[in-house]
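Visitor: Below is one structure. I have some questions about it.
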Amino acid sequence: MNKALKRYIPTIIVALLFIGFLVLFPQWRGKTVQSITVQMKTMLLVIPPIFILLGLLDVWVPREQMITLMGEGSGLKGPILAFLLGSFAAGPLYGAFPFAAVLMKKGASFSNILIFIGAWSTTKIPMLLFEIASLGTRFALSRLFIDIIGIIIIAWAIHGSIPKQEITRLYDQAKNID
Amino acid sequence: MDTIILYVIALGALLFSFFHNKQKTSMALKKAWKAFEGILPQFITVLFLVAAVLAILDTETISKLLGKGSGFWGVLIASLVGAITLIPGFVAFPAAAALLQSGAGVTQMTAFISSLMMVGVVTLPMEIQYFGKKVAIFRNILAWFFSVIAAYFVGWVVSL
């Protein structure tokens, strides 16, 4: 079977289930169609700049430089940079994954990648002011504080419990991104 | 708002790159397209999952679920609802503020917001594609646990 087509088999199955869902539950049909349009708009809006940035990063930043900045021996510089990179990013968490893969390809260490993902998911600087306005300074800042600790603990726990060979496999996979 | 910032940065970087090296820029765009095409099947899958989940768990239903919940069960329900939904912050924060005003607990709201941001059940197909099953599932479980801890911490600080 065509290799390109094969990749889409799970997607086609989910699409069929989705159509089944629409047929079986007419009461949710309107809302589902509405939410798929909204989500698709968000994705189409957010995807181009994120992928353009990761393409540029891939082309312009040499591997050696990324290793000194965010690699194993980068000391405190690596996690801080990973944290800032994730915190100043915009867009939903799914935008962070392809970006992280390029960072891995370039030689950023795995714990720094995990910090980057954690920061992207929850300590968004562009969102912080909005959170303060909606929920108050005390709420937003105490959440920011506990989240920074959480990001570090989660990164440390994942790094410590995932077998080395799995991490090596992920890096090999990232290397093959063209 | 943050999408505008993202576009300004991306376009600025693209123009800068273009004036320095046209060849490298076109290579970057090719890589961008390839990376996008590589994840496209998972993207579409996630899109269907999100649409179905958000149709069932719309803002109204979420409000009902979170408004009622109190105590530890409320926190647990809030964190589970947050884990399986995908709502941007600029919608979630005002919604949480409105719920707080109508009597929902701070701890429950924090559990919802934290797990909403850190845990992504519907986006797992994408996360697995890049990070493998082990890391992706483990990260989500840890983040979910953490969202409950964060909830109690923020609830305590706000009550001080």
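Backbone N, Cα and C atoms are what each Cβ position is placed from, and that goes for glycine too.
Pasting the relevant annotations from TrEMBL:
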TRANSMEM  A:7-28  transmembrane segment
TRANSMEM  A:40-61  transmembrane segment
TRANSMEM  A:81-104  transmembrane segment
TRANSMEM  A:110-132  transmembrane segment
TRANSMEM  A:144-162  transmembrane segment
Visitor: Report, as numbers and ranges, which residues of the same chain sit near the transmembrane segment (A:81-104): CB under 8 Å and 6 or more residues beyond its ends.
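Guide: For the transmembrane segment (A:81-104), the sequence-distant neighbours (Cβ-Cβ under 8 Å, at least 6 residues beyond its ends) are 42, 46-47, 50-51, 53-54, 57-58, 66, 69-70, 74, 110, 112-113, 115-121, 123-126, 148, 151, 170-171, 174, 177.
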Visitor: Using Cβ atoms and a strict cutoff of less than 8 Å, what residues sit near the transmembrane segment (A:110-132) while being 6 or more residues removed from its termini?
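Guide: Beyond its ends, the transmembrane segment (A:110-132) has Cβ neighbours at 70, 74, 78-79, 81-90, 93, 95-97, 99-100, 103-104, 139-141, 143-144, 147-148, 150-152, 154-156, 158-159, 167, 170-171.
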Visitor: Please report, as numbers and ranges, the same-chain residues at least 6 past the borders of the transmembrane segment (A:144-162) whose CB is under 8 Å from any CB of it.
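Guide: Distant contacts of the transmembrane segment (A:144-162): 79, 83, 110-111, 114-115, 118-119, 122-123, 128.
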